[in-house]
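The signal peptide annotation in Swiss-Prot covers 1-36. Among the features that Swiss-Prot reports, N-linked glycosylation site is placed at N109, N206, N370, N427, with the record citing sequence analysis. Taken from Swiss-Prot, the feature Fe cation binding site covers D168, D195, Y198, H356. The Zn(2+) binding site annotation in Swiss-Prot covers D195, N232, H317, H354, and the record cites similarity to another entry as its basis. Look at Swiss-Prot and you will find N232, H354, V355, H356 tagged as substrate binding site. Marked as active site, proton donor by Swiss-Prot on the basis of similarity to another entry: H327.
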Amino acid sequence: MPIYTSRSCFYLLLFHIILLCSVDKTLCRQTSSFVRSEFPAVDIPIDSKEFAVPKNQFSPQQVHITQGDYDGKAVIVSWVTFIDPGKSEVVYGTSPNSYDHSAQGKTTNYTYYDYTSGYIHHCLLDKLEYDTKYYYKIGKGDAAREFWFHTPPQIHPDASYTFGIIGDLGQTYNSLSTLEHYMKSKGQTVLFVGDLSYADRYSCNNGTRWDSWGRFVERSVAYQPWIWTVGNHEIEYRPDLGEVFPFRAYLNRYPTPHLASASSSPLWYSIRRASAHIIVLSSYSPFVKYTPQWLWLSEELTRVDREKTPWLIVLMHAPLYNSNEAHYMEGESMRVAFESWFVQYKVDLVFAGHVHAYERSYRISNIVYNITSGNRYPIPDKSAPVYITVGDGGNQEGLAERFSESQPDYSAFRESSYGHSTLELRNRTHAFYQWNRNDDGKHIPVDRIIFRNQYWASNTRRRRLKKTRPSQAVERLISSY
């Protein structure tokens with residue numbers, strides 16, 4: 001080969017490597033060098049307009065919705081009233097101011113130390129049509145308030161859908177920035193990875209901060225479902241205050257459709273939405289072998305049908321892989337318990353929060369380790385999920401700024417900034433993912449990548465290989481892919 005041709009090939013190859021690194025960063029480990037201005041974690045004052053109560057004291061407030069069944073044809077509408085419980089009823093329909101359906105709900109309340117909640121209402125709207133805009137009204141007369149939501153497309157492997165991912169939000173000015181940035185995105189449903197109001201950070205676990213947070217996020221969650229994951233700040237275990245029942249506020253305020261997925265607890269459950277099967281786990285409930293959560297997950301993974309919902313996504317609070325000094329190794333026990341299943345069932349993505357920073361891993365696993373093998377480091381594994389920490393919502397505890405000095409080989413991108421992520425499922429084979437920081441005032445992604453679906457990527461390859469190789473050889477190749 002002529003010298004000039006060899007050089008041309010070399011420079012062409014070099015150009016493509018540089019291009020790939022600059023576009024999707026899948027070949028380059030990166031600790032972001034972005035220098036932030038000072039963004040102190042300052043709470044929004046309780047009398048701010050961001051927490052404003054409705055003008056009519058009888059009006060519902062803190063309105064929020066979540067998916068109400070397994071397949072996205074139901075919505076749970078929740079709200080709070082204070083002066084009068086009123087009627088726990090929602091009227092709804094497909095035209096504004098024309099409500100031809102109604103649903104009756106239930107009312108509850110709770111006490112925590114010296115705080116007594118308002119009347120908390122939960123109402124199930126079921127038998128909805130897919131891909132339809134519904135308008136709904138809560139309250140009567142002058143106290144009534146109206147909202148809307150859009151149901152997801154029918155379950156289908158090529159159903160396109162966009163999720164937002166937010167964690168550790170709180171109620172600071174940084175929290176507001178995250179929420180405003182997200183609401184300008186194309187997100188249709190939020191996957192919330194735990195730590196909601198941070199009410200436990202206030203004196204005596206001030207319950208009014210649950211109320212202010214409910215009013216704060218209403219601007220989004222009254223119009224699109226947020227899929228809830230429990231975090232450590234929802235535990236609120238305070239025996240010094242006489243409070244020994246964990247998750248009291250969370251369980252009373254934020255229902256989940258756990259019964260639809262045969263779960264025994266609202267803290268772990270699963271849903272199907274568009275082309276995704278989403279599994280929600282609790283980092284702060286027992287999960288070792290033979291516990292209810294372990295048994296449930298072992299069954300739920302067998303029910304996943306990748307022919308219908310090719311994208312398998314897991315939500316939890318404490319990350320299984322984390323190179324930040326904050327909360328280092330806190331997810332290790334759950335990793336040991338569940339990681340082999342994640343690899344076996346080819347989970348696509350695992351989202352977590354807890355660490356107040358952002359980090360994305362490569363596809364790696366550490367399932368071959370045992371005390372005598374010496375294989376103690378994570379290795380590339382194309383059957384493994386990508387692990388993403390999005391604990392950078394903006395809460396009052398501030399950012400986790402100290403990453404390990406040397407970035408581990410498994411870590412693809414990390415940065416200590418406030419922000420949120422979006423995941424656009426395009427079809428059964430590809431999804432567009434991006435993380436957006438708040439701090440630079442720009443609405444452009446900082447970290448982005450195109451994900452190939454774990455199940456369909458391997459099955460497409462399997463079909464191709466079967467044309468030229470025997471079945472056993474094909475399965476060996478696929479397992480190593």
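Cβ from N, Cα, C; glycine included.
Not measured: the values here are computed from a predicted model.
Location within the structure of each feature annotated in Swiss-Prot.
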residue: N109; record: N-linked glycosylation site; DSSP class: coil
residue: D168; record: Fe cation binding site; DSSP class: coil
residue: Y198; record: Fe cation binding site; DSSP class: coil
residue: N206; record: N-linked glycosylation site; DSSP class: coil
residue: N232; record: Zn(2+) binding site; DSSP class: helix
residue: H317; record: Zn(2+) binding site; DSSP class: coil
residue: H327; record: active site, proton donor; DSSP class: coil
residue: H354; record: Zn(2+) binding site; DSSP class: coil
For the substrate site built from N232, H354, V355, H356, further residues of that chain with CB within 8 A of the site's CB center: G167, D168, D195, G231, H317, A318, P319, A326, H327, G353, G391, A400
Non-site residues, in chain order, whose CB comes within 8 A of the mean position of the CB atoms of D168, D195, Y198, H356 at Fe cation: G167, L169, G170, G194, G231, H233, G353, H354, G391, G393, N395, E397
Which listed residue (N109, N232, N427) has most other Cβ within 10 Å, given these are recorded positions: N232
Close recorded positions near H317 (Zn(2+) binding site), where close means Cα within 10 Å, chosen from N109, D195, N206: D195
Nearest of the recorded positions (N206, H327, H354, V355) to D195 (Fe cation binding site) - Cα to Cα: H354
Residue among recorded positions N232, H327, H354, V355, N427 with Cα closest to the Cα of Y198 (Fe cation binding site): N232
Output field, Zn(2+) shell: CB within 8 Å of site CB centroid, site D195, N232, H317, H354 dropped: G167, D168, V193, G194, G231, H233, S283, Y284, A318, G353, G391
Cβ-based isolation winner (fewest other Cβ atoms within 10 Å) among the recorded positions D168, H327, V355: H327
